[in-house]
Amino acid sequence: MCGSDDSFDDFVPDSQEPASSRTRNQDHLDDDEVPCSQRPDAANDTMVEDLDEGDEPAHDESEDIIKILVATDIHCGYGENKANIHMDAVNTFEEVLQIATEQKVDMILLGGDLFHENNPSREVQHRVTQLLRQYCLNGNPIALEFLSDASVNFNQSVFGHVNYYDQNLNVGLPIFTIHGNHDDLSGKGLTALDLLHESGLVNLFGKHSNIQEFIVSPILLRKGETRLALYGIGSQRDDRLVRAFKNNSISFLRPNAGAEDWFNLFVLHQNRPRRAMHRSTGNFLPESLIPQFFDLLIWGHEHECKPDPQYVASSEAVGDGFYILQPGSTVATSLTPEEALQKNAFLIKIKGRKFASKPIPLQTVRPMVCDELLLDKIPPGSRPILKTDRPKHTDGRYIDEIAIEAKINEMITTAKAKRRPRQPELPLIRLKVIYDGDWLNITPANAKRIGLRYENVVANAVDMVFIKKNNKPKEGKLQTENEKNITEMADEMGQVSATNLQTIINDYFINQPLVDQMTVLKPIGIGRALEQYSAIEEGGLATSANRNFDSCLMHQIDVVRKTLKKMPLPPINDPSDLDKFRDLITKDLYDMKKADSERFKNPVADVEMEEDEDDPQYYMPPQSTSRTNYASGSEDEVANSDEEMGSSISRHSKQPTTRGRGRGARGAGASRETTRGRSNKVVSTRQIDSDGFEIINDSPSPPPASRSTRGKARGKSAPSKKRDLSFF
């Protein structure tokens, strides 16, 4: 939406941009600009290595260049209960703010997960607020013009303007951020970021309360001749967002006139690689679903830093591709090789339709070294006589512990050699010890006992050593399907994620004999519970997870009771009829299990099964005070999910009306529907709304809705009164 003070009349009419206007600039390069090794030789490439247009520019180049400092997954509050690392995330966040000040950027863009928890501790909120006030509130001039309708971009707020347009605040460094899966919505749809937004310290955008339809309105910014359209979608469940793209229920608004003059930047917080092997959506967002008009994507949630923007070619005969920048986290929240890579913030310069990217190494990140040690040979003469004995050296020390400690000392030496002056002194060490060959039948060493010997040398002594036995199936014994799944889904550190474990749980219960399958509790509920319990950090409490699981279980019991009440009540005239009634209830429960089993086993119903996860009878609410990796639903979504599931078929069959997003109709509370999704062909549709924005859809139309006859009355018997099952 355009602000009332701005006009698009002077813009070039919307047309296909000539290829020559987006060719890569071949002028002289700055030494500090890192070239993109994956940049294609495309005629309409937007990434350049230098934004200078010549030796004698007509005016100061800074008047047209938008400078943005990008960082994602800061996780303030991570490890606050651990002695050595409790301030790591906050200290690095301060470094990000310092870099922004030194580089004199126009704005900071955060890609989600500023906080590690939805409800961070008071100490963490206090420290973050201090830093934001210290670095963001000052008298520095801001050259960015805010052109869009702030009441639409920040519709969750009562303040209808960007924070640096507030006359009561003196903002010198604006921050724009979306929410991630750690600081996501819960309860009444609020997060800790909402407090920072309402206090004027950050600008929170990309919140979407309507999970049936996503309408993404960009933040429009201008500096000199450069126009930036900033799009954002806060963290959503990947299955839900993929369905939105495939069902054509997500729209990105664009300026009607001069749309090709805007640099389109999209920030999101989703799984990028496939995280589940046995699901149709894979628990990730495929890059192929993203519209092609974007120039650059900032991809949050993935902690591995990829310093070079990666080009994604267009899948269409006509159309440009886009670049994806994956900044990675600024703090390590897991002990994996990907987290041990160099952490960076990124300086993005935008001029016209071109951009340049430069990684800035972070100097305060705690050093980390990850490695593996394979134990497969026992030295001659050291083999124990009894299986319960462990091989010892002549000096009485255990041979495996000698090898483990030698490897740890080598890793610590490496960490100290690479340590920079501003980095914390104690490093993070993760050694994966694999017992194989001669060591398979030997009792492994005690990992924690070894770690405690390094308590004052490393930051993570307790979980420094990870021990794994490379067990193989016995001869003549076939590996079960679930064992194969666990082996395939285990990551490089030998651990299985909660999301993949959900798939294993589903497969196990679905493949059980029908009589042994569960009636009330659903596998999805168990998987969600395990996900929350696994997210509890060491020393944390499981109170919230216990409460959520109890609530889920009681709700599922209530669903079964209500379903049984809807079934016909037979006549009861004598005591023998009570036995028949009891048998009928048993049969009803069996029929319910059978219907569920057939539906979940049917491969073509895979999408329906994913949609069922939004249903309260399957739903496990997210834990609001601990880390949740992939679930991002809220309690409000639980309350409304029955209505959403019931309306998922009729919403496409209703006679559509115009959307009515005009400025005069805002806040009127009128329902709005669109004509999206009514074509059976994969097309790119365009519409113009009353504010001069262009609605685009580059996603395929939804498949026809399936219908189920489950729950209808048996035979042709006349309807009877509902059962009274208050005793159930």
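Placed from the backbone N, Cα and C atoms, the Cβ positions cover glycine too.
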Discussion item. Quick check on the annotation: Swiss-Prot has D73, H75, H303 binding Mn(2+) 1, so which of D106, D113, D239, D261 does it put in that site too?
Written reply: D113
Worksheet item: Among H269, H393, H555, which is the one Swiss-Prot gives for the Mn(2+) 2 site where D113, N181, H301 also bind?
Response: H269
Practice prompt. Between the Cα atoms of N181 (Mn(2+) 2 binding site) and H75 (Mn(2+) 1 binding site), find the distance and write it as a whole number of Å.
Written response: 11
Worksheet item: Cα distance, H301 (Mn(2+) 2 binding site) to D73 (Mn(2+) 1 binding site), nearest Å?
Response: 6
Worksheet item: In whole Å, how far is H301 (Mn(2+) 2 binding site) from D113 (Mn(2+) 1 binding site) when you measure between their Cα atoms?
Response: 8
Discussion item. As a test of the contact definition, list every same-chain residue at least 6 positions from H269 (Mn(2+) 2 binding site) whose Cβ is closer than 8 Å to its Cβ.
Written reply: T72, G111, G112, D113, I178, H179, G180, N181, I233, G234, S235, G300, H301
Worksheet item: In the structure shown, which of the binding-site residues D73, D113 has the fewest other Cβ atoms within 10 Å?
Response: D73
Worksheet item: Could you tell me the C-alpha distance between H303 (Mn(2+) 1 binding site) and H182 (active site, proton donor) in angstrom, no decimals?
Response: 13
Discussion item. Just to verify a number: CA distance, H182 (active site, proton donor) to H75 (Mn(2+) 1 binding site), in angstrom, no decimals.
Written reply: 8
